[in-house]
Amino acid sequence: MSHMDAEDAQFQKEVAEVKQWWNDSRWRYTKRTFTAEEIVSKRGNLKITYPSNSQSKKLWNIVEHRFKNKDVSYTYGCLDPVMVTQMAKYLDTVYVSGWQASSTASSTDEPGPDLADYPYTTVPNKVGHLFMAQLFHDRKQREERLTTPKADRAKVANVDYLRPIIADADTGHGGLTAIMKLTKLFIEKGAAGIHIEDQAPGTKKCGHMAGKVLVPISEHINRLVAIRAQADIMGTDLLAVARTDSEAATLITSTIDPRDHYYIQGCTNPALQPLSELMYAAEQSGKSGSELQAIEDAWVKEANLKLFHEAVVDTINAGVHVNKQELINQFLEQSKGKSNAEARTIAQGLTGVDVYFNWDAARTREGYYRYKGGCQCAINRAIAYAPFCDMIWMESKLPDYAQAKEFADGVHAVWPEQKLAYNLSPSFNWKAAMPRDEQETYIQRLAQLGYCWQFITLAGLHQSALMADTFSKAYSKQGMRAYGEIIQEPEAENKVDVLTHQKWSGANYVDNMLKMVSGGVSSTAAMGKGVTEDQFK
């Protein structure tokens, strides 16, 4: 067999393996727009097995089981190795937040708000930081257990430190190649899953900030396809979570996708010139700041911004038609799911009127179109994203059970097996939102709706801040009494392993490695005679 024949044979073998992999039940709801041949041709000759693939399989089994049983895996945003080891005792997944990374772990060391304006290595680096800690503490614990006689081994902790990590990919930090490189980084660093949102990259905001700009549905689907393609090239089961910010979005970059047309607003006042032209003229005349804002506010007020179907309904109601409601119902039924051009034709055919509606006139100074988000809008997007992702998350303004149910019911009406995720955000005022007994059951009530993975994005940040403030305040007044009462004594009472921080950090483990390579004796062992941690025995 010639070299080229062998090369082709190996290629066909790998293609067959990929096709068999894709036939696994793991992918029964996944749509791919590329072939196995295309994926294999993008791989190198050296096959690399990524540890994160084991974590991805583990994560899939968790959410698959939870969804099937109307149960839930819930977690929160982790800050550091200390936190990840403590979370592992009680929670079966770990979340890595872009918000937290932006404020505490940017790879430039420059903190800031959640605008995704940090280098895109930032969140993958945090994932790597935590994953390396997970691997280390797993090794440390295993060594302790295997060097403990069976009769005493039950007394040694047996924590599953290898909890799957789901991380924040923001908007992907650029175009499709940037998204693929970001996905590759996450896989290399140990992520089991990532989520990506449908905001525009240059204007990305925290999900609970104003001024969010969406990309068209088709553009976000391309992002999801890029993530899956990169994971396939690397041979991993990485979970892709599609987040939509459309519930509260007010702008969109383009009208290119007909699926977005229903939710784009236009000017219905034909007497007005386009806003962008008006603003440009005002700037040229020397106006700035509050003067420009006043001009825009006045224009918006006069423009009578509406969705196209609202403009048609108002036109019918203002006309002389005999059966107005029947005409309205006809239009709404016939125009459902149609592009704006098609809806215009239908409206003119039914009413005999060319309804004035100009979405270009309403564009902002930056060129964005006006958009009217909401739960139904988010459902529309989620239905489009579903075949290309593993879970879907709708960012929301409030912890509103009725809205969560509306979203879940809307998605499941089309995709009944679609797994959902939910942000139990600290941006919500939970005390004002619901009484304590409802807070206690909220996670499980959402689980009944199919929200099988839930998370508090910034609980790590807030618990760290609360503890730092509480202890610092007491320490400034009470000295070491504060440390004893607030930290050390509760650590001992609750059997927190970090009480003996030398052991927690792996000092015994490293001592045993030193002894292993030095013939069984080390005069410089860290945990030898004189170590102060003996005081806690």
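In case you wondered, yes, glycine gets a Cβ from its N, Cα and C as well.
Pulled from Swiss-Prot, these are the features on record:
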- Cys206: active site, proton acceptor (ACT_SITE)
- Ser97, Gly98, Trp99, Gly207, His208, Arg243, Asn423, Leu424, Ser425, Pro426, Ser427, Thr457: substrate binding site (BINDING)
- Asp168: Mg(2+) binding site (BINDING)
(request) Note down the number of other Cβ atoms within 10 Å of the Cβ of Asp168 (Mg(2+) binding site), including every protein chain shown. (result) 28
(request) Compare the C-alpha of the residue listed as 'Mg(2+) binding site' with the C-alpha of each of the binding-site residues Ser97, Trp99, Ser425, Ser427, and give the closest one. (result) Ser97
(request) Could you tally the C-beta atoms, other than its own, that fall within 10 angstroms of the C-beta of Trp99 (substrate binding site)? (result) 23
(request) Quick one: of Asn423, Ser425, Ser427, which of the binding-site residues has the smallest count of other CB atoms within 10 A? (result) Ser427
(message) Below 8 Å Cβ to Cβ and six or more residues apart, same chain only. Which residues does that give for Ser97 (substrate binding site)?
(response) Gly77, Asp168, Thr457, Leu458, Gly460, Leu461
